[in-house]
Amino acid sequence: MEKLRSYEDFIFMANMMFKTLGYDLFHTPKPWWRYLLVRGYFVLCTISNFYEASMVTTRIIEWESLAGSPSKIMRQGLHFFYMLSSQLKFITFMINRKRLLQLSHRLKELYPHKEQNQRKYEVNKYYLSCSTRNVLYVYYFVMVVMALEPLVQSCIMYLIGFGKADFTYKRIFPTRLTFDSEKPLGYVLAYVIDFTYSQFIVNVSLGTDLWMMCVSSQISMHLGYLANMLASIRPSPETEQQDCDFLASIIKRHQLMIRLQKDVNYVFGLLLASNLFTTSCLLCCMAYYTVVEGFNWEGISYMMLFASVAAQFYVVSSHGQMLIDLSTNLAKAAFESKWYEGSLRYKKEILILMAQAQRPLEISARGVIIISLDTFKILMTITYRFFAVIRQTVEK
């Protein structure tokens, strides 16, 4: 029998993305030496992030250095939009971290901790599916491969030449730094900066999305439970007070879910708006770069990255769709229940719930775009059209 998931299981991956950067949202007690170690690593990653982000931005501003090379423009554009997405996510996360912490504590209080209640809530149904976890593992694996590939390739080329060939000093990112990275010590420093910067933007990008999926799935779980409870009730005029008390508890819990969903939109609204814009730009840049580069190692790497980024946004969109579906299912469950067997008072009160549940709960990008599978389809359609136009242009 499959193990029933605890609340800690739900937030484990999201929390781990930031803990591996040295940032602990929950401030878990630890020895002073370990605290200094992880805090120092977080400072290193943050400094590397802002330093290299400034270099990327400077390179984009210095347009003359990219002019005449579509490949360079798209590669720098790809790097810039991925960097921009991570910066916006990080800033949004840090600004709203206390509110996210409060939201997490509230959801933990509501989470069913007894095994019997966990079965009623069907907690495992709302945990990250096996396919979703595989998407996340593949995404992270692709990022690790792209981070280590330049160093491994440089070493292999040097070793094949038996030390006679020049060391190529390949780096993760093509960004020019303020020091010479083609000397041994400079290369080591540049690679440390590249690696910590790469880990920072990947973990922040993935970690914030995981947090959004975690809290939205918790709300979806409670909505699903309310719908099941509503469908199981058998009201009658003889048990009017008991039935109305039960219905009142469902209405109150639904109102609580509405408030929590507003908190989710407050914390992740700007993040999702930036995520949607930068993801579309990323996919278009990767599509173009793959066409230009053709079938080589770098082209394959960017094809893998394209699939990973698209899959990541699909997973986010599917959680938004799940919340929409389960929130509307509550009104459907109320309508399909045996409400007509209840008292007149019960019938009036269930109308309140039906009216309240008519409007679906949605994860929206600042109220502009609703995150759903339809949004994912629109995004992929735009990317494909861009890809088709670029391919025809290149072939000419």
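Note: Cβ is positioned from N, Cα and C throughout, glycine not excepted.
Lifted from Swiss-Prot, the feature list:
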- 1-6: topological domain 'Cytoplasmic' (TOPO_DOM)
- 7-27: transmembrane segment (TRANSMEM)
- 28-34: topological domain 'Extracellular' (TOPO_DOM)
- 35-55: transmembrane segment (TRANSMEM)
- 56-70: topological domain 'Cytoplasmic' (TOPO_DOM)
- 71-91: transmembrane segment (TRANSMEM)
- 92-141: topological domain 'Extracellular' (TOPO_DOM)
- 142-162: transmembrane segment (TRANSMEM)
- 163-209: topological domain 'Cytoplasmic' (TOPO_DOM)
- 210-230: transmembrane segment (TRANSMEM)
- 231-266: topological domain 'Extracellular' (TOPO_DOM)
- 267-287: transmembrane segment (TRANSMEM)
- 288-296: topological domain 'Cytoplasmic' (TOPO_DOM)
- 297-317: transmembrane segment (TRANSMEM)
- 318-396: topological domain 'Extracellular' (TOPO_DOM)
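Contact between the transmembrane segment (7-27) and the transmembrane segment (210-230) is supported by 3 or more Cβ pairs under 8 Å, counting only residues 6 or more apart in sequence. Long-range contacts of the topological domain 'Extracellular' (28-34) within the same chain: none, as no residue at least 6 residues beyond the stretch ends has a Cβ under 8 Å from a Cβ of the stretch. In the predicted structure, the topological domain 'Cytoplasmic' (56-70) carries a mean pLDDT of 66. Long-range contacts of the topological domain 'Extracellular' (231-266) within the same chain: residues 96, 99, 103, 106-107, 110, 212, 215-216, 219, 222-223, 323, 327, 330, 333, 336-339, 341-343, 345-346, 349-350, 352-353, 356-357, 361-364, 367, each at least 6 residues beyond the stretch ends and with a Cβ under 8 Å from a Cβ of the stretch. If you look at the transmembrane segment (267-287), the same-chain residues 6 or more away from its ends with a CB under 8 A from one of its CBs are 74-75, 77-78, 81-82, 84-85, 88-89, 92-93, 96, 99-100, 103, 208-209, 211-212, 302-303, 305-306, 309-310, 313, 316, 363-369, 371, 375, 379-380, 382-383, 386-387, 390.
Tertiary neighbourhood of the transmembrane segment (142-162): same-chain residues 168-172, 191, 194-195, 198-199, 202, 297, 301, 304-305, 308, selected by CB-CB distance under 8 Å and a gap of 6+ residues from either end.
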